[in-house]
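For reference, the structure discussed in these notes is given below.
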């Protein structure tokens, strides 16, 4: 598993992957942060409010990264080669997943720093003190990482189950951008059930779902997605 982990880290360090994913993540975070602090009638109570509000977009980016980490192996036909070097499929997928988790944790840390810096600039321009809000950064980061990993786990499962980048991304975007947004406005219980809305409760996005319920729901979805992904990866033939 260690060699798989190292090999996946090397793939993720390629400029196209690194700058593309990290740039999208940071760009979304800066945009939402600036809009959050520049347009609010009264200053948000937390310096990490912009980072929190960006969590859903960040989650979608993380989902796509996890998803493509699997589907590209199928699309390029490199999975057979990987299985020749590491025939234990569970270890192969675990190594890939662990590398993606480590990179996600690092990318979110960078995004948090950029978000806090952007918020500090905007609030300083508006004459709002920022010192008391800095203590929320650690909690905000931990919650955002957990929420992002729930998106990542779902992306991993979709990648293994659907195997096609285009199909899997299409399904994910349709669900998280369209279905969940519509359900959030039309179904009162949506926030208690749907994964994206539960992740929003964990990060602190205002809603009717308490943090404890969101946390439990996110952990359940992570467990279900990881289990489904590993079972499918271990049992399905590579060519199917």
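Each residue, glycine too, has its Cβ placed from N, Cα and C.
Owing to the predicted nature of the structure, the values given are computational and were not obtained by experimental measurement.
Sequence-distant contacts of the transmembrane segment (17-37) (same chain, six or more residues past either end, CB-CB distance under 8 Å): 11, 43-44, 49-51, 53-54, 57-58, 61-62, 64-65, 107-108, 110-112, 114-115, 118-119, 122-123, 126. According to TrEMBL, the feature transmembrane segment maps to 17-37 (among others).
Residues or ranges marked as transmembrane segment by TrEMBL: 57-76 (among others). Outside the transmembrane segment (57-76) by six or more residues, the chain places 8, 11-12, 17, 21, 24-25, 28-29, 32, 82, 93, 96-97, 100, 103-104, 108, 111, 144, 147-156, 158-160, 162-165, 168-169, 172-173, 176-177, 196, 199, 238 with a CB less than 8 A from a CB of the stretch.
Outside the transmembrane segment (97-124), and at least 6 residues removed from its termini, the chain residues within Cβ reach (under 8 Å) are 1, 4-6, 8-9, 12, 21-22, 25-26, 29-30, 33-34, 36-38, 43, 47-51, 54, 58, 62, 65-66, 69, 130, 134, 137, 140-141, 144-145, 148-149, 152, 156, 226. Residues or ranges marked as transmembrane segment by TrEMBL: 97-124 (among others).
As annotated by TrEMBL, transmembrane segment applies to 144-177 (among others).
Positions annotated as transmembrane segment by TrEMBL: 215-233 (among others). Through the fold, the transmembrane segment (215-233) approaches residues 89-90, 93-94, 97, 146-147, 149-150, 153-154, 156-157, 159-161, 192-193, 195, 198-199, 201-202 of its own chain, all at least 6 residues removed from its boundaries and within a Cβ separation under 8 Å.
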